[in-house]
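Q: Supplied in structure tokens, the structure appears directly below.
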Amino acid sequence: MSPDTVFALASGAGRAAVAVLRISGPRSAALLEALAGRLPAPRMTTLRRLRHRGEALDRALVLWFPGPGSFTGEDSVELHLHGGPAVVAAVSEALADLGARPAEPGEFTRRAFLHGKLDLTAAEGIADLVSAETEAQRRQALRQAEGGLATREAAWTGQLLRLLARQEAFIEFEDEDLPHDLDIRVTTEAAALRRELEASLAESAREERLREGLSIAILGAPNAGKSSLLNALAGHEAAIVSARAGTTRDVVEVRLVLGGVPVTLADTAGLREASDEIEAEGVHRALARAERAALRLLVFAADTAPDAATLSLRDEDALLVGSKSDLGPPVLAGALPVSTTTGEGLPLLRAALEREAARLAGMNEAAGLTRPRHRAAIGEAVSWLAHLETAPLPELRAEALRAALRALSRLTGRVDVEAVLDQVFGEFCIGK
Ligand SMILES: Nc1nc2c(ncn2[C@@H]2O[C@H](COP(=O)(O)OP(=O)(O)OP(=O)(O)O)[C@@H](O)[C@H]2O)c(=O)[nH]1
């Protein structure tokens, strides 16, 4: 059964100068002919009047992409319509009337994957490009869409296949004149590859934070000036500031961009023995947020002694802020003096935050793992390679290598281990 022919608005919804309707599937050419007359030359922009059942619908630029040289790999059409909702609706109705159906979310990219036009990591990169909000996210997404991660995966897969071919040769031609240390070399090289994969896992937290946004929590005693700090960094009055201790009860969030990294900055309830159950819940939420945040801003006011609850949150992912510096020097050595009243220290704090954002969520040198799905696949390959190192028999080691290959192939969703292995092993043939 041939697949449906689908259509969807590729540009944003609502009124616009131009709306792009995309059509993909075996009936694309027939639909275009029905609406616009004879087919234009492939990939050439042509101005046509679109008609359906005797009714003129629009004058539009039409493009005809014969498969497989299209985004989806199928016959495809693009209609660049006038962007009014009524025009889009009329042309969509005509397409449905002619037997096409509206596409599901992501269906064009899914079809491109099924036709081998891109692998899963590239498809994810395209999804990330569409939702990228900052410059660093755009660069990260583009690198993945252009095959950065797939290239690394291919290199790792290539290494594993060579190891497997050698391990198989060792099993199959055991009695023959093979280098006697072939078997040991497989284990040593597998261990080196395992360490490389582990390094990519260690780096993955930064890439994931960049893709998802970095979480920063502001913590401190009641009245330390946390809400004032959030408002100063956000540039607007997001949180209520008052002289009454215990004003902030829930977590208040603002979105910022720091050094190209999208950040969620959260103001939290002051840490102290709560006087009622609402405040107790607020403190509970503050501590939960502190736990989840990649970076903690610990705020100590110049007019109060450092409190134990906030002090206990000090670690390498905490930045100490000495607030209300207009009232005196910070009470804690190493705290950055800041006053939201005079503005002192705010540029320095912002610079420190940008540095931390780059450290915690910057792009890596090599294309990295940006999703839990990637981490899971690599993590599984790592545990199979660790397994190999202790496996007592060559057959078990070969099996561990196959399992590692299968785990890796889930990254791109494209590699057929057996097929590639036939090819590699065929080349390896030792005169037999
Ligand atoms: N002198 C001075 N006062 C400040 C400064 N920042 C905040 N304050 C005052 O300190 C009091 C508490 O400020 P908030 O920002 O509400 O403090 P908070 O830590 O969010 O307080 P809770 O919500 O109770 O936990 C208010 O009266 C502010 O005006 C500052 O830089 N200098």
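Each Cβ is built from the backbone N, Cα and C atoms, and glycine gets one as well.
Summarising the annotation, TrEMBL assigns (6S)-5-formyl-5,6,7,8-tetrahydrofolate binding site to Arg22, Glu78, Lys117, Lys432. The domain 'TrmE-type G' annotation in TrEMBL covers 213-358. Residues or ranges marked as GTP binding site in TrEMBL: 223-228, 242-248, 267-270. Annotation source TrEMBL lists Mg(2+) binding site at Ser227, Thr248.
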Q: What binding-site residues in Arg22, Glu78, Asn223, Ser227, Thr248 place CB under 6 Å from ligand 1?
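A: Once distances to ligand 1 are taken from each Cβ, Asn223, Ser227, Thr248 fall under 6 Å.
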Q: When DSSP states are folded down to helix, strand and coil, where does Ser227 (Mg(2+) binding site) land?
A: helix
Q: On the DSSP side of things, how many residues of the domain 'TrmE-type G' (213-358) fall into helix, strand and coil, could you say?
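A: Going through the domain 'TrmE-type G' (213-358) residue by residue, I get 45 helix, 36 strand, 65 coil.
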Q: Going along the chain, which residues six or more apart from Lys117 ((6S)-5-formyl-5,6,7,8-tetrahydrofolate binding site) have their CB under 8 A from its CB?
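A: Counting only residues 6 or more apart in sequence, the Cβ neighbours of Lys117 ((6S)-5-formyl-5,6,7,8-tetrahydrofolate binding site) under 8 Å are Pro68, Phe71, Thr72, Gly73.
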Q: Could you tell me which of these binding-site residues, Arg22, Lys226, has the fewest other Cβ atoms within 10 Å of its Cβ?
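A: Ranked by other Cβ atoms within 10 Å, the binding-site residues Arg22, Lys226 bottom out at Arg22.
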Q: Using all protein chains in view, find how many other C-beta atoms are within 10 Å of the C-beta of Glu78 ((6S)-5-formyl-5,6,7,8-tetrahydrofolate binding site).
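A: The answer is 23.
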Q: Compute the C-alpha separation of Thr248 (GTP binding site) from Ser227 (Mg(2+) binding site), stating it in Å without decimals.
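A: Given the Cα positions, Thr248 (GTP binding site) is 8 Å from Ser227 (Mg(2+) binding site).
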